[in-house]
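These notes are about the structure you will find just below.
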Amino acid sequence: MAPPPLLPVAASTPILHGEFGSYPANGPRFALTLTTQALHIQRLRPKPEARPRDGLVSLDEVSGCGTLQSRSPEDTAAYFCIYTYPRGRRGGRRRATRTFRADGATTYEENRAEAQRWATALTCLLRGVPLSGDQEITPELLPRKPRLLILVNPFGGRGLAWQRCMDHVVPMISEAGLSFNLIQTERQNHARELVQGLSLSEWEGIVTVSGDGLLYEVLNGLLDRPDWEDAVRMPIGVLPCGSGNALAGAVNHHGGFEQVVGVDLLLNCSLLLCRGGSHPLDLLSVTLASGSRCFSFLSVAWGFLSDVDIHSERFRALGSARFTLGAVLGLASLHTYRGRLSYLPATTEPALPIPGHSLPRAKSELVLAPAPAPAATHSPLHRSVSDLPLPLPQPALVSPGSPEPLPDLSLNGGGPELTGDWGGAGDAPLSPDPLLPSSPNALKTAQLSPIAEGPPEMPASSGFLPPTHSAPEASTWGPVDHLLPPLGSPLPQDWVTIEGEFVLMLGILPSHLCADLMAAPHARFDDGVVHLCWVRSGISRAALLRILLAMEHGNHFSLGCPHLGYAAARAFRLEPLTPRGLLTVDGELVEYGPIQAQVHPGLATLLTGPAGQKPQA
């Protein structure tokens, strides 16, 4: 019986096609087709399937790949392995590894070359390197691995950041072959101090594993350097392990994934980080009442939202649920605030990002940041992950390709030790193929240091580092705010002013206010505007609750509530006229009083992964 025709591939160019076996050797055989969007799998023998189950592996679900070899010297086959994170029936992701046997040649060297050809092609596609069907696939096509500095706040959210980082983040980015150093922060503004003295030429990106507060420290540290114009071009990223995780929610939305929270959001953002790619990021330069200045990537809030944010700190152990509880309490004691909001309306044309700050998505390797000014002082990297083999959990491999763990296979070459369900005591450690991950200029894979065996001890009184809510340190460097007159000076005539009683005022840059609150559904990372939302007094508690509930899916503006207002602006000034209240910038409490801000389009660079996919069910 002739095998069925090949499955129709996606509307993209086929890169490779071939026949592979599985492990063990007497298992099924498969026809594999690699396109720019997916790996197509069709079983050929013993029973061909016209539409095999799990026959399409989207590259959006793949973190990395590798080649393996048998521990048996008589086995001349080589093995091609991919690490995937498909969505389960309940929506969450689960790790699955698929392994295929390259056995079409008579010698191990030839089979190994074929397995490496597939691994090289898949790695190039994952990292954004364009390939064509008639192109020769060689290791020289592989981009250099970016070297990432990963900062973990072990006190963030519910205090689970370190454990989640080791359980989910480290294994995935190790599978992707990324090079990184892992550092635990130990106090407030520790991350800011680190990046202020960082040698930028040693890194291609800084990633925070926490909530939005740690990235706020990093961003303001980069902009508080004499070489801020170079420093702010350092790509920054966030892996959510905090309470709000607003920017991570926006990154998840930008990547085309459905809205999720918790570990699912962490896995989605980790996958996007592994894929590479970045996007220009607008920043707000915020001038406070004292004249000091800080920079925001998220929001300025006054009224109900800032009250909920700050007053819910006492429920920090609840994680993101603290905001729900805080909102309920806030609705029960709803306050109004008198103030004056003035803004410079955005032009009809979208603002263009600053030239030179955009990273081409076609090349996944990150642009090297320029070296810092000679005057910068290098701070020691405390609790760094740097010098010992990095443990990488390896659960059982699943079909198609490998229906069971592979006790008799090992990854080719030498490198970090991989532990898990790969055999009994005395088996050789698993290690990545040295020819696969990178070109000859590749950086060394990250490794673990003895001082990073666990998170620092948390205060016994509360279990978490108590937030100080002191005013953030002001930045003395940064771009000129050419749209803003000094606070207290009259505003130009082209500004619009609204005065009255407000329940809340929000100026937000990205789409999300929390991981599951889409406050500005049409916002983009580089649209050049701040999205102003306000709610006037007179609104009922029920109507405000409806707005908050609709905000989960970004439908609040379609409610037609007359108390809800919106404007897109390039700059704004907020003057609270009520003597007492709370103001927050990116969730951090700042001094109360007049405040103004200006958008600086595309000033920073955000690690986002590829964009353009539709939300996945």
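Backbone N, Cα and C define each Cβ position, glycine as well.
Copied over from Swiss-Prot, here are the features:
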type: ACT_SITE; residues: ASP212; note: active site, proton donor/acceptor
type: BINDING; residues: 153-155, 185-189, GLU217, 242-244, ARG316, ARG322, 586-588; note: ATP binding site
type: BINDING; residues: SER210, GLY211, ASP212, GLY213, ASP309; note: substrate binding site
type: COMPBIAS; residues: 412-426; note: compositional bias 'Gly residues'
type: DOMAIN; residues: 143-290; note: domain 'DAGKc'
type: MOD_RES; residues: SER358; note: phosphoserine
type: MOD_RES; residues: SER364; note: phosphoserine
type: MOD_RES; residues: THR377; note: phosphothreonine
type: MOD_RES; residues: SER384; note: phosphoserine
type: MOD_RES; residues: SER386; note: phosphoserine
type: MOD_RES; residues: THR578; note: phosphothreonine
type: REGION; residues: 371-472; note: region 'Disordered'
type: MOTIF; residues: 87-95; note: motif 'Nuclear localization signal'
type: MOTIF; residues: 381-390; note: motif 'Nuclear export signal'
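Projection of Swiss-Prot feature records onto the structure.
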residue: ASN153; record: ATP binding site; DSSP (3 states): coil
residue: THR185; record: ATP binding site; DSSP (3 states): coil
residue: SER210; record: substrate binding site; DSSP (3 states): strand
residue: GLY242; record: ATP binding site; DSSP (3 states): coil
residue: ASP309; record: substrate binding site; DSSP (3 states): helix
residue: THR578; record: phosphothreonine; DSSP (3 states): coil
residue: GLY587; record: ATP binding site; DSSP (3 states): coil
Can you tell me how many other Cβ atoms are located within 10 Å of the Cβ belonging to ASP309 (substrate binding site)? 24
Roughly how wide, in whole Å, is the group SER210, GLY211, ASP212, GLY213, ASP309 that binds substrate, by largest Cα to Cα distance? 16
For the domain 'DAGKc' (143-290), give the DSSP counts of helix residues, strand residues and coil residues. 64 helix, 34 strand, 50 coil
Note: among recorded positions ASN153, THR185, GLN188, THR578, least Cβ-dense neighbourhood at 10 Å is THR578
By a 10 Å Cβ neighbour count, the lowest-scoring of the binding-site residues GLY211, GLY587 is GLY587
Tell me the Cα distance separating GLN188 (ATP binding site) from GLY213 (substrate binding site), rounded to the nearest angstrom. 10
Setting SER210, GLY211, ASP212, GLY213, ASP309 aside, what same-chain residues sit with their Cβ within 8 Å of the center of the Cβ atoms that define the substrate site, listed in sequence order? GLY156, LEU214, LEU215, TYR216, GLY242, SER243, GLY244, ASN245, ASP586, GLY587
Running the recorded positions GLN188, THR578, GLY587 through a 10 angstrom C-alpha radius around ASP309 (substrate binding site) leaves GLY587
Using CB atoms and a 10 A radius, I'd like the single residue among the binding-site residues GLY213, GLY242 with the highest neighbour count. GLY242
Sorry to bug you, but what's the C-alpha spacing from GLY587 (ATP binding site) to THR578 (phosphothreonine), rounded to the closest Å? 21
